[in-house]
Amino acid sequence: MNYNLKELQYINNKMPLNDRLLYNTFFIKDYSGKNLRKPKQHVIFKAVQKGFMAVTRGSPDDDGYKHFTEDINNVTYGSAITNPIDEMGSRSSLSRDVDSTDIDHWEMNYHEAAIFLEEGENNEKFDSHPRHPSALPAYLLVHNKLYYGLDLFFSMTLLALALVENPAVDRFELPAIIHSTLELICLGVIGVELALKLRWIGWSTILNHKRTMIKCITLFIMVIEAVAVLVRQSSHFRVTRGLRPLFLVDTRACGAVRRYIRQILQSLPPILDMLVLLLFFVCSYSLLGYFLFSAHENFYFKTLPDSFISMFVLLTTANFPDVMMPSYNKTKWSAVFFISYISTVLYVLMNLMLAVVYETFTGIEKDKFRKLLLHKRQACKLAFRLLVSRQNPNTIRFKQFQGLMRYFSPKTCQRDVILIYRQLNSSGTGLLTQDEFLNIYDAISLRWRHKDPPDPWFTAAWPPLRTFCRNARVLVSLPYFEYIVYVLIIGNGLAMFIRVMESSVDLEDGARHFCASWDAWVFYMLFLIEALIRIISFGWIDYISSGWNTYDLSVTLLAIWGSVLLLMSPGFTFVVILRPLRILRLFKLKKRYRDIFGTLVLLSPLMWSTAVVMMVMYYFFAIVGMELFAGYTLENCCLNSTVEPFYKFYSNSSNSGIAYYYLNNFSNLLTSGVTLFELTVVNNWFIIMDAYAFVSGQPYLRLFFMIFYLFTMVVLTIVVASVLEAFRFRIQYKQQTSKKDEELMLHEEVIIDWNSLQQQIHDPKLLESLQMDFVYGGVTSYIGRRARTRDVLQRHMYITEITQWLQEAENEERQDINSIIEEAHINARLITA
């Protein structure tokens, strides 16, 4: 039997695009509940097979073709559609096999569409999407703020157990039965999430998800170890405690941290390549140094391992020029060896590594933005399919959008829902197309206010107060008011300088004169009056909307609090730092400092992620360090070694500062953290390394310190690269965007006509409640403002690339659909042959 290829093309063109995309991207189940690896081929093939069985070589308008197109357009997740939901375009998987007329299936569609949008916003894979009503309770239990808080709390508690486990912080140690019981409780709460995930994901998906699989294995091992500690009533060698931060990183609050760790892992290949090259030069110079200087009675090159360790430490410059001086004493030409080595590995290769990492990180940052953009786009398309009706298969009405917002953003008021809908509906048709709906994430982030400035808050106040407030508003609006404030700040700085130069009886007296003297209180009161005038003029909300205003008021109140605290308790001299903080406002005057502050604002989320990553790394190495070195004492150790002077006890009369190196140890978690930070700075870090290698009698333990240095070097190199990338990005943004363009980019205007609003909303109660926000019978204008976040700036900077990415995604989706139709065509021929 032969088929007309034009008919096949006609079928493909008639199929709704949003239906095709769903088949392409989302794993569903067939009607028997069995997982399908390729549901797009299964569903479309059955429909195409039906169509080819019924279609003849006649016109595409016959009954067979109509039956085929109905099958394509009415494919659902579950069982057959009943009369109460005939209006729906697609039936939610959350109402599968539920045909009761008591169920509002539209509400289930709204709920699932909101889940899709949340998964797009949180960058969650769609394979973890609930696909059956029985999975919804478990999904909602895990995905709620209460459980997020519990997960975060118990993850933090699990980390804090290292403070009370042996070796514990002084006076914090708990018996093994207590801390092991607490550990099992924490692991049990964390394990509940994995158990609930099985309700809607299944083992197959969990086994394919690397992060979840690692979490499962770690949880299993830790439960066994905690039970062993509980039974034995004593701890054992437990390096696996260092893996506890994995549970913290997997919490919802650390989503940005996971993305940052992923960027680090993606940046590793070029870093590893450079490390191999770097170690090649270290090994080569170690070999050369051994043969050149071992005969010079230079103990840094006694043996080949000593030579390697010395050159590795010299890579950090911590032992320079000590390692050079014995050989330099023998021959001045030996300096050429050390100068060439440092020039090659430190000034060439290390900087080259930074350049390579910067280039890689920049590409990864853009690729991360692209993937997140396309992921959100796909989530919008999946949600859109659940919101269309049969009467309007390509558009969404306000009723469906309003239902979606009840689940996706329940705290958004009805006024903002209407404004978001109108802002999305750029065509002005009153119905949202799929292309318009794709901008929902951006529209929800807008903060709305009346375009026409409202009457000042003091309009209805007592007349004398109204006059005072109006005069204050005029004063603040004067161009010279800011200059007066800057003069006061400069005067405060000069007063502080004079106080510092005065002689004081003791430190407490000097601190009191510096921040609790009469001149300090004068400036405090002047700054407080300035803040009150601004608040009276513009109101509290408008005042705190400015970051600089919030900063000024905060440091002023803190300085006043510090002065009072110092007067009550003279020993709290640390409060002297609070008075100079107001001078930071002067840096705003210079453009370069404004660029720096702007970069810091862009980097604030990244810096938080970096801090968590560093904490995770410190925690892991601290646990390993305690397990390896907690039993060793460094006081008066290392006799007859090169580091003996740093650990030798001196009498109080000598008052030598170098004898305190024994305090750099791994006796507990907090002390280990301080020791690791000193190792991060790399100043004299080899002294700690050599001391532990000496007291343990195991030179290979130096690997712990060397590996820690390599880890910190990698992370800090990526941090520097991210800072450079953020600063370059902001500079390019400033160069390409004028103030006018930025205002247009950050603001959206929406005009609401009451008559059109009545046509859109048919609920009398809702219309009555909206009369406070919109002019009855008239026109109201609102301005929506976007926050100046990195995501917003990236969408502006990459506007050309975004267009290209979206076009490539559309072409790829069309190619997938065409290949599926062609495969179905071939299979239909084989079946009917």
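The backbone N, Cα and C atoms fix where each Cβ goes, glycine too.
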* **Feature transmembrane segment in TrEMBL, mapped to one of the ranges 176-200, 676-700** => 176-200
* Average the pLDDT scores across the domain 'Ion transport' (158-367) and report the rounded value. => 87
* Asked: Apart from its near flanks, which chain residues at least 6 from the ends of the transmembrane segment (599-621) lie with a Cβ under 8 angstroms of it?
  -> 159, 162, 242-245, 248-249, 254, 256-257, 259-261, 264, 669, 672-673, 676-677, 704, 708, 711-712, 715, 719, 722-723, 726-727, 729-730, 788, 790, 793
* Structure fact -> Counting Cβ pairs closer than 8 Å to the transmembrane segment (703-724), the top stretch among 146-164, 212-231, 271-293, 521-541, 553-578 is 271-293
